[in-house]
Amino acid sequence: MTVTAPKGSTGGGCRRGSKESGQPDLALVVNEGPRRAAAGVFTANRVKAAPVLWSQQVLRGGEVSAVVLNSGGANACTGPKGFQDTHATAERAAAALGHSAAEIAVASTGLIGTYLPMDRLLPGIDKAAAELSPHGGERAAIAIRTTDTVHKTAVRAGEGWSVGGMAKGAGMLAPGLATLLVVLTTDADLAPPVLDKAVRDAVRTTFERVDSDGCMSTNDTVLLLASGASGGDPGYEEFADVLREVCEDLARKLIGDAEGASKDIRIEVIHAATEDDAVEVGRTIARNNLLKCAIHGEDPNWGRVLSAIGTTKAVFEPERLNVAINGVWVCREGSAGDGRDLVDMRFREVRITADLDAGTHSAVIWANDLTAEYVHENSAYSS
């Protein structure tokens, strides 16, 4: 169940000493070929980390032989030296693997504004390269964790081919993408343009529909590598469906491990005039701190849902809005509906349905509650 499950993928992780916990903090995922096609999606934040800028350049060639990922330092807002360090990282991996640095993607996660400990990182690349294995995906997934409490992996099989993936992310989770690093692999034989469309389509309806705290990272990276080792050549829709399943699995694991969360909130907006309206309403509900506090207190406060909807530009009439919480329509036609005491909120997952009664479009956004643990964790996060 890891990123190295597809044929032609190897991986590994090691400890290089940038985490006070002493946990693994450097990961390597390698596409052994015969094909090395790749595509990716990056943060929409205008302040981009050095590894994002580097990897964007690498992907212009449509080929990636390996991805080096470090946790414990974002290498963001580090100026020319930060970019030089990323370049040196790619060069070291290229030398260890026998490839060109122009085919080595780099991803980083951790504290913004600090330089990476290159004296420890570069030897770590050599160590990770020496320990590469088709069974090394789990160790790679463990090595990219920051505030994550669990490592996150997923695999799905097609007809004679498969897709695997790993992800990290627990805080700064918001659309565009979400604060995350994701590496996806497949042994299907597909060209870069096909991979590019597939990964963008998958990200749009999975990672971009996760909104934990409304904060957008400088380092978000989703990479898709295709080895072609299975010889399988699926049609676009077949491949896209499997890829989407893997991304959805990983996205759900991200929200389930969000910092300090005690509730996972599934927000479904239905009967919207457009999909964009549905997404806007869902995101706005997801970011409403008063509602998130109410959910934490197991209070089915539908008024806060309507208040959030009212701040959007979506098409709707206030007197036609309906809201259900865990299946109980607590708001009907813009006013009180069924009794709030009918809503059972004891369980981890809370389902909110917002019916705009304005069209035929819908969208699902995943969020979580706001807790004292979240505040503590982020106030204690060292700067």
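Each Cβ is built from the backbone N, Cα and C atoms, and glycine gets one as well.
These numbers come from a predicted model, not from an experiment.
The region 'Disordered' feature in Swiss-Prot is assigned to 1-25.
Reduced to three states, the DSSP call for Glu259 (substrate binding site) is coil. There are 24 other CB atoms within 10 A of the CB of Glu259 (substrate binding site), with all protein chains counted. Summarising the annotation, Swiss-Prot assigns substrate binding site to Thr146, Lys168, Thr179, Glu259, Asn378, Ser383.
Annotation source Swiss-Prot lists active site, nucleophile at Thr179.
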**Per-residue Cβ crowding (10 Å cut-off), top of binding-site residues Thr146, Lys168, Asn378** = Lys168
**Asked** What does DSSP say about Asn378 (substrate binding site): helix, strand or coil?
**Response** helix
**Prompt:** Using DSSP and three states only, what is Thr146 (substrate binding site)?
**Reply:** coil
